[in-house]
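J.: Dumping what TrEMBL says about this protein:
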TRANSMEM  B:6-29  transmembrane segment
TRANSMEM  B:65-85  transmembrane segment
TRANSMEM  B:97-116  transmembrane segment
TRANSMEM  B:148-165  transmembrane segment
TRANSMEM  B:196-219  transmembrane segment
TRANSMEM  B:231-253  transmembrane segment
TRANSMEM  B:265-283  transmembrane segment
């Protein structure tokens, strides 16, 4: 049975936690007193209607939105308002919802940009080679301009680039958006593989059933507040969640 | 023969226009503003070189080597000026209405002009570089040595910028911000700092070119506007965001202006240039190297 937002921080030692976070952009507030926790090794999925604040929640964690009150912790360290550079060095990475490749650069240059925080091109190049072994399709097209890739290839590139810092936590905003159905399964397969290798995943997914089906923990966000939380299966089977958010 | 001589003259001067325009294009592409104060960076570079040489020799005259030593000084000073301008003023209007960005950079242009007028008066000045023989002749074509030095200097500055953008970590960051600022922030690039560096680098190139211009033309506080206008024409002509486009555009503009001045009248140079620009925009709206051109 899914629970309400009073029980969103259910673990004692989460890898990531939001504590009563109110955030937004400038004078606009989008999230209201949001608390949630993600345990190490989990896949956590955030669902909710359009405009509910899902992307803002991710951006609040990563330093792209203004946290007006409350705190964000990563491995019990306060990271509220930290820059993306600091978060990357802290082995957190983030894949945006919109196309975030550099279209005029080659696949390889895009990969090197993923290791920009290393301050060492050689280290970035070595890491890219490791990832080409895991993503052979990218290795095959490493000299191709990213702007010429298909939607599925771009998504793979974004995923691989986010892995350049060997993240402990990876945040994915709508990984299936804009993809043909045959690529969606590939992307989710990749996400589960990454999780199996030890990367904690926090994903926002408009395709709620797909997202919750792979999630150890799910959160339902509406009007900037966490309305329900539970395991992925619990949320999928919850009548109210189904009626309100899954179209069931 | 006259035609060839005019073309040679045009290419020599056109390289200077191109180098100025490359910086203008870089700011346009990366910071996403049309910098109406870009010409003032040329002017300030010219005066920096002039005053450094005056400080050393007492009369703004010197050997080619001594003059070349002033170029890095002009480049460094203008880098600082550009970086500071972006950080303090331009950054406040990035992402706002285009008219606001035009207004701010126009304001900067006027302010620099007026300060220069107060500081140095409206008197035209120039740097005298002493050559034993100021020109040489090849196949009947006269090549002024200082113009050739300025041409080589401008090409070197443009090539250096291209290599900097392609081969260095900071250059990659600049290209990343140009192509996708949000994704650049995502991978840990300090976007505001990178934009300021871009502004600084572009101003530095303009400053270096300004020093060369001070040796072959006069410099005066209100000279900037013409270089901003020329840069605009060249960048649109070559294709926004394309350095090869700006280089080719600059060389073409220089040749067209020299041919116009030689065969018609120097008063018609800008009119002919803008007419050609309009024709090109009708035929090829993205410019010669626009869209898909390498950044």
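A Cβ is built for glycine as well, from the same backbone N, Cα and C atoms used for every other residue.
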J.: Determine which residues of the chain contact the transmembrane segment (B:6-29) at the Cβ level, with the cut-off under 8 Å and only residues 6 or more beyond its ends counted.
T.: 35, 38-39, 41-42, 141, 143-144, 147-148, 150-151, 154-155, 157-158, 161, 174, 178, 198-199, 201-206, 208-209, 212-213, 216, 227-228, 230-232, 234-235, 238, 240-243, 245-259, 261-263, 295
J.: Report yes or no: does the transmembrane segment (B:148-165) come within contact of the transmembrane segment (B:97-116), defined as 3 or more CB pairs under 8 Å with a sequence separation of 6 or more?
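T.: When sequence-distant Cβ pairs are counted, the transmembrane segment (B:97-116) does not touch the transmembrane segment (B:148-165), since fewer than 3 lie under 8 Å.
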J.: Where else in the chain does the transmembrane segment (B:97-116) make close Cβ contacts, counting only residues six or more beyond its ends and a cut-off under 8 Å?
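T.: For the transmembrane segment (B:97-116), the list is 33-37, 39-40, 43-44, 47, 85, 89-90, 221-222, 224-225, 228.
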J.: Tally Cβ pairs under 8 Å between the transmembrane segment (B:196-219) and each listed stretch (B:65-85, B:231-253, B:265-283), then give the stretch with the top tally.
T.: B:65-85
J.: Against which stretches of its own chain does the transmembrane segment (B:265-283) lie, if we need a Cβ under 8 Å and a gap of at least six residues from its ends?
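T.: Long-range Cβ neighbours of the transmembrane segment (B:265-283): 229-230, 233, 236-237, 253, 256-257.
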